[in-house]
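Have a look at the structure below before the remarks.
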Amino acid sequence: MLIRLKKRKILQVIVSAVVLILFFCSVHNDVSSSWLYGKKLRLPVLTRSNLKNNFYTTLVQAIVENKPTDSSPDLSKLHGAEGCSFANNVAAHDSGHDSDLSYESLSKCYNLNKTVQESLREVHSKFTDTLSGKLNFSIPQREALFSGSEGIVTIGGGKYSVLAYTMIKKLRDTGTTLPIEVIIPPQDEGEDDFCKNWLPKFNGKCIYFSDIVPSKPLSDLKLTHFQLKVFGLIISSFKRIIFLDADNYAVKNLDLAFNTTSFNDTGLILWPDFWRRVTPPAFYNIIGSSIDIGKRVRFVSDDISPVSRYDPFVSNSNDYTPKERQEHFLKHVPLHDLDGTMPDLSSESGQMVIDKIRHFNTLLLALYYNVYGPTWYYKMISQGTAGEGDKDTFVAAAHALNMPYYQVRTKFEFDGFFYQKDDYKGLALLQHDFEQDYKQYQKAQQEVKANIEEFSKLDPDYTLDNGFLKTLMVNDDGSDLDIMFIHASFYKADPWTLYHENRFIGPNGEQVRGFRKPHRYGMDFELFLFNDMSKSFCTTPKSQVIKFKYFTDKVNTPEWDAMCEYLTNHVNYLESTHKEAMGEKN
C-alpha cells in the first residue's frame, strides 16, 4: 500500500512538472521544445512585464520587416487614367453614381501593375502569417496582456485633453460609470494636473505609451496622428472597450454596452460615415480575398431585401444574355454591393465597441495598415476622398481576417445650422443606438422572410430610404431609432479656437444657435458645452483652473479674458432661448 502511494505521488509530480513546462513554453514562444530534450536554455521568469515586452517587440519587428518596398503611386495620375470616371466624395445620399463606383471604374482608377500588387500581397501575407505564428497568443496570454476588464478609451494630449475633459463630464452626466483611460501620446506627456488630480475623481486615469511599450519598438514605429488611435486601443489595459474620439459625446448610458446581443454576436461594432466606399479591387487582391463579380448581395446597406427587388438583371434575368449580365455587374453595379467585399457605407471610427481578446488580430492588422497608411493603405482604401485616415482600417482588417463585425445600418443624422441662406454649417454627426439598430435589423430580416414572395418582386420605385431605412429600420410607430452619440467634430469644444474663429456668431455679429436638434437627443447640448467651458475656464478661480499644457501660454492674457467674455455672452444667449429650443412653452 505504501509503495503504491509513493508511486502515485511520483506520478503526480512528473505530470505536474510536464504541465508546468508546457505552460512555460506556451507563454514564451522563444523557448524551443528542444529544451525538453537536454539543451540548456535558460527559462525566462514568467511575468506580465516579460509577456508585454515580448509581444510589443515581436509585433513591431513583424511590422518593420514587412514594410512595402515600392513607392505609392500618384493618385492624381491614377485618377487621370483612360477609362477612369472617378467621382470624388460620393455622399451617402448622392444618386446616379453606380457606374462610378463599379468594379470596372474603381479598378481603372486605382490600377496597380501586377508586380507591385504581388509585392504588396507578399508582405501582407507574411505579416498575417506572423499573426498565426509568433504572434499567435493564446486566449490566456491575450488576457494577461490586458489587466483591466471593461472601460472607455479616448486619445488625449494637447487640445485633445481639453476636449476629453468635457467629453468625460458628459459621460458621467448620462450616468455612465465605466472606468476611463485617456491615452497620452509620447510627444504630449506632462498633463500632470489633468491626469493625476482631476481624472481620478471621475474614475479615470491616463495611460502613457512610454509606460507600456519598450522605448526601442516605440521609436522604430514613429507614430503620428491617426496611427496613435489604433496603438492606443492596443495599449489600453481593458479587454473590452468603447472607444470615443475626444470630441464625441455620449447622450445615453453606456454601462450595458458589453451585455448586448450585437456585441456578443460579433465583438466589433462600427458606425457608418458620410461617404460611399471606394476601395478598389486591387486591395482585395492584396489581402487574398476573392470577389464574386456575378453575385450581387446588397443595395448599399440593405442586405435583407432579395436582390430581385431592386435589380432587373436579377428579377428578369431571362431577358438578358450572359454577356449583358456580366457587363451590368462589372460596369453598373457598385463594387461594394458584390459578394466578397466590405459593405457600404464607409466606416466612421469616432466610436467603436471592441472585444480586444476576440479581435486581437484585427487590431494588430489594423495597426499594420495604419503604420503604412500614409504611404499606402489610406490612399488605397479611401482613394483620397474626404475623411481619409484610420477610419476604414478596422473594417478592412476584420474583413481581411474573415472576422465578424456589425456596422450599424441606420444612416447618421446631421446637426447644424444655416449661417446664411445657402451656407449650411454641419456641426456634428448623430450616430444611433447600435443595439436598437441590431434588434431592428433582426426584426426586419424576419419580416422579409415571412413575406419573401412580396419582397422578391421588382420594385421600380425602390430606394434605400423608402425600401429599407424608412420602412424596415424604424420603430413600429415609424419613429427613428435613438441617438447615442453626438460626434461634434466640426466646431470642436476648444474655447480658445471657438473664440478666435468667431464660431456661433452670425454674419451680422449676432448670436446664433448651432445645434438645432435637441429633440433628437433630449437635451440642450450646446448650452451644456458652453456652460461647462465657461465655468471650467472662466468663473472658476484661475488658481483652480486645470493646468492643461495646451493653455500654458494663453491663461493670464488679455485674449483669455476676451475668450471668457465670448463664452459668457453665448451662455446668456443660449439660456434666453433654451425653452424655445426645447419646444417648451413660456
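Cβ coordinates come from backbone N, Cα and C, glycine included.
Since we're looking at a predicted model, the values are computed, not measured.
As recorded in Swiss-Prot:
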CARBOHYD  Asn113  N-linked glycosylation site
CARBOHYD  Asn136  N-linked glycosylation site
CARBOHYD  Asn259  N-linked glycosylation site
CARBOHYD  Asn264  N-linked glycosylation site
SIGNAL    1-29  signal peptide
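Structure with Swiss-Prot features highlighted.
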{"residue": "Asn113", "record": "N-linked glycosylation site", "Cβ contacts under 8 Å, 6 or more apart": "none"}
{"residue": "Asn136", "record": "N-linked glycosylation site", "Cβ contacts under 8 Å, 6 or more apart": "none"}
{"residue": "Asn259", "record": "N-linked glycosylation site", "Cβ contacts under 8 Å, 6 or more apart": "none"}
{"residue": "Asn264", "record": "N-linked glycosylation site", "Cβ contacts under 8 Å, 6 or more apart": "none"}
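DSSP assigns Asn259 (N-linked glycosylation site) to a helical segment in the three-state reduction. Mapped onto three states, the DSSP output places Asn264 (N-linked glycosylation site) in helix.
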